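*Asks:* Mind having a look at this structure? Questions to follow.
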Amino acid sequence: MQDLPNLFLIGPMGAGKSTIGRLLAAELSRPFYDSDHAIQDRCGADIPWIFDVEGEPGFRQREIQMIDELTRLSDVVVATGGGAVLREENRRALRERGTVVYLMTTVEQQLKRTAKDRNRPLLQCANREQVLNDMFAARDPLYRATSDITVRTDRRSPRAVVNEILRRVYRLVDPLEAVSAPHKKVSQ
Ligand SMILES: Nc1ncnc2c1ncn2[C@@H]1O[C@H](COP(=O)(O)OP(=O)(O)OP(=O)(O)O)[C@@H](O)[C@H]1O
Ligand SMILES: O=C(O)C1=C[C@@H](O)[C@@H](O)[C@H](O)C1
Ligand SMILES: [Mg+2]
């Protein structure tokens, strides 16, 4: 069985990048990094504070630096922030340094999954559905252009999503041996 490359998760807010990334890394016994969390740890402040004080451009600059560092690691799983694909530097780093998985869900699911959250500054507004629809229109082409595979996360447990990612990634790196991939033993 061929070694897997770095696995990078992209996709919109609430698609499950952080949740699935952690599970996926545990399954592969690999380190897991979440770029949003790493930015907060380095800055010593949460994302709403960074947006308040430095604006979105300040946050994006920190994100470019963090994604550059995380994508240079080896044998890792990295969950990115929902807007990482907005910057060309990030798209290039992700594409060149690993296999990129686009986690996709519906706006309806995003609304449910992010309903009580106060840590996503771009969703602290009255018209969240409109904002999410507009983001989908602007970002879906970027997620598609950056990713190697797309996996839906609505109406599926995180465990089932992890299994599908592994099946598809193994098939991508080694089509002939994918059938005997170890993840086939993982229960749903
Ligand atoms: N497949 C799933 N089924 C049901 N709930 C899920 C699924 N994946 C994630 N969730 C839930 O959705 C919420 C948002 O997930 P998560 O924080 O992983 O999203 P994210 O893609 O990392 O978002 P962001 O871009 O804002 O960091 C969490 O409460 C998580 O438990
Ligand atoms: O979709 C976005 O632009 C964002 C998503 C989050 O992961 C954070 O990176 C931040 O809240 C911005
Ligand atoms: Mg996240």
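Every residue gets a Cβ built from N, Cα and C, even glycine.
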*Asks:* Of Arg60, Arg62, Arg156, which one shares the ATP site with Gly14, Ala15, Gly16, Lys17, Ser18, Thr19, Arg120 in TrEMBL?
*Replies:* Arg156
*Asks:* Kindly point out which candidate in Arg139, Arg144, Arg152 is recorded by TrEMBL as part of the substrate site with Asp36, Arg60, Gly82.
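*Replies:* Answer, per TrEMBL (substrate site with Asp36, Arg60, Gly82), from Arg139, Arg144, Arg152: Arg139.
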*Asks:* List the Cα distance (Å, whole number) between Asp36 (substrate binding site) and Ser18 (ATP binding site).
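*Replies:* That comes out at 9 Å between the alpha carbons.
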*Asks:* Out of the binding-site residues Gly14, Thr19, Arg120, Arg156, give me the one sitting nearest to Arg139 (substrate binding site) by CA distance.
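*Replies:* Among Gly14, Thr19, Arg120, Arg156, Gly14.
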*Asks:* Please name which of the binding-site residues listed here, Lys17, Arg120, Arg156, is nearest in space to Arg60 (substrate binding site), Cα against Cα.
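*Replies:* Of all the candidates listed, Arg120 is nearest in space.
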*Asks:* Report, as a single number, how many Cβ atoms besides its own are within 10 Å of the Cβ of Ser18 (ATP binding site).
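*Replies:* Result for Ser18 (ATP binding site): 18 other Cβ atoms within 10 Å.
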*Asks:* Would you mind sorting out which binding-site residues among Ser18, Asp36, Arg139 put a C-beta under 6 angstroms from ligand 2?
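*Replies:* Checking each Cβ against ligand 2, the ones under 6 Å are Asp36.
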